[in-house]
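In what follows, a structure is listed as structure tokens, so that the remarks can point back to it.
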Amino acid sequence: MPAVLLVLYVNPPPSVCILTQKLSLGLYNQWWRVCRSVPPPWYVFFNKRSMSTFKLMMDGRLVFAMAIAILSVVLSCGTCEKAKRAVRGRQDRPKEFPPPRYNYTILTRYNATALASPFINDQVKNVDLRIVTATRPCEMIALIAKTNIDSILKELAAAQKTYSARLTWFKIMPTCATPIHDVSYMKCNPKLSFAMCDERSDILWQASLITMAAETDDELGLVLAAPAHSASGLYRRVIEIDGRRIYTDFSVTIPSERCPIAFELNFGNPDRCKTPEQYSRGEVFTRRFLGEFNFPQGEHMTWVKFWFVYDGGNLPVQFYEAQAFARPVPPDNHPGFDSVESEITQNKTDPKPGQADPKPNQPFKWPSIKHLVPRLDEVDEVIEPVTKPPKTSKSNSTFVGISVGLGIAGLVLVGVILYVCLRRKKELKVCTERLDSPTLDL
């Protein structure tokens, strides 16, 4: 609302100009009709030149501007951070950007391919799971895990074949999965590092993540700048190289304390969170609900770090690989997995006659993610857990105090002016009745 009022005042369209002129003229006529017959109380303190200046100020423009300013300050308490983020890129820019990692051509037709299901079937016996935990609010974290991509590329290089690849990040919810980042690569040279390809699709991101997420230098990891608690949960990275898929899961935990520079994220929106059935039917096309952001990796990362520091964040010295979660047997009963019989159960021997059946070995259970996934209500909005109210920062307290002070000062000023004018008019009316004269020259 404040931003709209500011735009209308700085660069108003013709219709708004006409309406403003009529409103200002009407206010001026009503004001001057009340006060024109009475010398204002400040007349003794100003000369005629000052009064001429005051009349220009009272033609409605200054009043309208003051009204906009006061209203904007009062209504900006909850929207100042979002407005600042919306226009910060136009005000400041990083001093320099790193050179591109490689040159490539973007072809839109590669976005027309349906997205394969991120839900893993019983053919996958081993999935790497990493643990990422933020130690404090407003922290920049990284989802990094090494893979066996190099061995696949060496195999392709020995066969002297180019390859195509696709990298997709998902946010796994209890009943669906939301793609948050997707890019396809074509005509790739296996002798070079992964993703150094001649052609690629549009770089697609979930819109709410563009200013707070970017790929790492090798384009395999994901960096999140000041994620909110609603970003906690399970993330899945799917790398597909010539039909072969590599899955990596990241269990992310963000503190519940409020971060003033974080955006709340809703990953459970049914328009983006797709069920296993939708993936299996080939109905998921990321082009329909993800936004384009075709910036090179280095430039995008520079922007994210710049905005993070601009908002008051502290950059980490270095990003480290996420800690691996060790497990002894294949996963079972995990979101995104079909029921898989435990290897231990399969190799179990029958008990000897006369002996009691020993207690069967329990299959390995993945760690529950219920405490990591925010609940969704009927309108699909994130419900934050009940926590102690955060301490109000000094900057917010000062801002609210100034806002209230300006609002009270404006109301008092308007009230005093109206009171003086009405009182002068009343005195003039009494004098007129006493003199029993139709007019009174002043």
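Cβ atoms are placed via backbone N, Cα and C, with glycine included.
According to Swiss-Prot:
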DISULFID  CYS138-CYS259  disulfide bond
DISULFID  CYS176-CYS273  disulfide bond
DISULFID  CYS188-CYS197  disulfide bond
CARBOHYD  ASN103  N-linked glycosylation site
CARBOHYD  ASN111  N-linked glycosylation site
CARBOHYD  ASN347  N-linked glycosylation site
CARBOHYD  ASN396  N-linked glycosylation site
REGION    331-364  region 'Disordered'
SIGNAL    1-19  signal peptide
TOPO_DOM  20-405  topological domain 'Virion surface'
TOPO_DOM  423-442  topological domain 'Intravirion'
TRANSMEM  406-422  transmembrane segment
CYS176 (disulfide bond) sits from CYS197 (disulfide bond) (Cα to Cα, rounded, in Å) at a distance of 31
Indicate the candidate from CYS188, CYS197 with the smallest number of other Cβ atoms within 10 Å of its Cβ, considering only these disulfide-bonded residues.
CYS197
Can you see whether DSSP assigns ASN111 (N-linked glycosylation site) to helix, strand or coil?
helix
Name the residue among the glycosylation sites ASN103, ASN111 whose Cβ has the smallest number of other Cβ atoms within 10 Å.
ASN103
Cα-nearest neighbour of ASN111 (N-linked glycosylation site) within the listed recorded positions, ASN103, CYS138, CYS176, CYS188, CYS259:
CYS188
Restricting to the same chain and to sequence separations of six or more, state which residues have a Cβ under 8 Å from that of CYS138 (disulfide bond).
ALA226, CYS259, PRO260, ILE261, ALA262, GLY312, GLY313
CB contacts for CYS273 (disulfide bond) [other CB atoms within 10 A, all chains]:
23
Collapsed DSSP category at CYS197 (disulfide bond):
strand
Here the disulfide-bonded residues are CYS176, CYS188, CYS273, and the Cα closest to that of ASN103 (N-linked glycosylation site) is found at CYS188
